[in-house]
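Beneath this line is the structure, given in structure tokens, with notes to follow.
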Amino acid sequence: MALPTIAIVGRPNVGKSTLFNRIAGERISIVEDVEGVTRDRIYATANWLNRKFSIIDTGGIDDVDAPFMEQIKHQAEIAMDEADVIVFVVSGKEGITDADEYVARMLYKTHKPIILAVNKVDNPEMRNEIFDFYALGLGDPFPVSSVHGIGTGDVLDAIVENLPNEEVVENPDMIKFSLIGRPNVGKSSLINAILGEERVIASPVAGTTRDAIDTVFTDSEGQEFTMIDTAGMRKSGKVYENTEKYSVMRAMRAIDRSDVVLMVLNAEEGIREYDKRIAGFAHEAGKGIVIVVNKWDTLEKDNHTMKDWEEDIRDQFQYLSYAPIIFVSALTKQRLHKLPDMIKQISQSQNTRIPSAVLNDVIMDAIAINPTPTDKGKRLKIFYATQVATKPPTFVIFVNEEELMHFSYLRFLENQIRKAFVFEGTPIHLIARKRK
């Protein structure tokens, strides 16, 4: 089920991103320094008082004719429309400005719970300044210093108090997947074709409060799927154009809710930076991935076309070497019947557990093939390994010194584990930890 969503809004330079980072915590750290892995942190997941929620950072809004301001307002309006709770950030150092009043007028129209966070209240003497912000008519102001972490707990308490009631727990065996990709790659046609191919009765299921329609269906073997809709909001009746900022934001939300992501490419247009950016986020989030090349029927092909495409994909998505590639046509339904089985196989891979004894046999065999590296005369020693999580499969390798585990050797061990076990379509995480 969709997580509740919190939007952080305000004029430029009031510290929205600092507050966002403070709330998001470690979630926003970059896991892998790999080209194409997203660095865009407009969206993250946080947890407070055992309530999990999504947070969206937005650009600074101002009532001026500045470059890109219309796009920024547009993105912020979308975020506010999606949000269950809105955090309005202002600056205690500067007091109420015309831009603050402009944003406040936007917020009046949302009829959503508003948390007024007066940021940059960095010392106790400034706390009296917050009373001026009652004039905005948005309730009690919360004094905050995002830089020092002062007052953020009070803001989080207020957020949790205003979250919608928790939803019923979903069927744990259900596989959730989404189709992501640039506008016009044919996601909607693929969704319709997949549902038609399954010949099932599709039932729309509303999300928590945003009316983002998911579709639940069952295949011929009785496996239940939830297809997560990324087509946008319908609640307000508004139609939003596909600005990149918005499509990135909703793709991130869909990825976060998914077990498996179908990364859809357009055979007519090739691979773009947007594709790599979104695929990088799915990889970093540890999701199962299938690379789906749609509109395959539109290309003039020879015996090398598919091979050339595969080589190009592997070259441009090097960090997705584990992801299967399938060439399909939503129009002719070419190969679409294979997708549900691929999704099920990847879901099984994500949930695979390897007994420690078997895993350590593979590790020892790997060391025999390629001995552990040395650094300044000191050799890496691997004592044992164990699996600590699934979705994605995560392994901790206990060593004498963590810094002796070079990235290249960790990658070698990953490749050996992949050769020994079926982990198609899912990333696996290996973590070196010093044995105590």
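Just so you know, glycine gets a Cβ as well, placed from its N, Cα and C.
According to Swiss-Prot:
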BINDING   10-17, 57-61, 119-122  GTP 1 binding site
BINDING   181-188, 229-233, 294-297  GTP 2 binding site
DOMAIN    4-167  domain 'EngA-type G 1'
DOMAIN    175-351  domain 'EngA-type G 2'
DOMAIN    352-436  domain 'KH-like'
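Structure coloured by features recorded in Swiss-Prot.
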| residue | record | CB count, 10 Å |
| --- | --- | --- |
| Gly10 | GTP 1 binding site | 27 |
| Asn13 | GTP 1 binding site | 12 |
| Lys16 | GTP 1 binding site | 24 |
| Thr58 | GTP 1 binding site | 26 |
| Ile61 | GTP 1 binding site | 22 |
| Val121 | GTP 1 binding site | 25 |
| Gly181 | GTP 2 binding site | 25 |
| Asn184 | GTP 2 binding site | 12 |
| Lys187 | GTP 2 binding site | 22 |
| Trp296 | GTP 2 binding site | 22 |
Among Gly181, Asn184, Lys187, Trp296, which are recorded as binding-site residues, the nearest neighbour of Thr58 (GTP 1 binding site) by Cα: Gly181
Mapped DSSP class for Gly181 (GTP 2 binding site), helix or strand or coil: coil
DSSP three-state assignment for Asn13 (GTP 1 binding site): coil
Pairwise CA distance, Trp296 (GTP 2 binding site) versus Asn13 (GTP 1 binding site), rounded so that it is a whole Å: 47
Whole-number mean of pLDDT values that fall within the domain 'EngA-type G 1' (4-167): 82
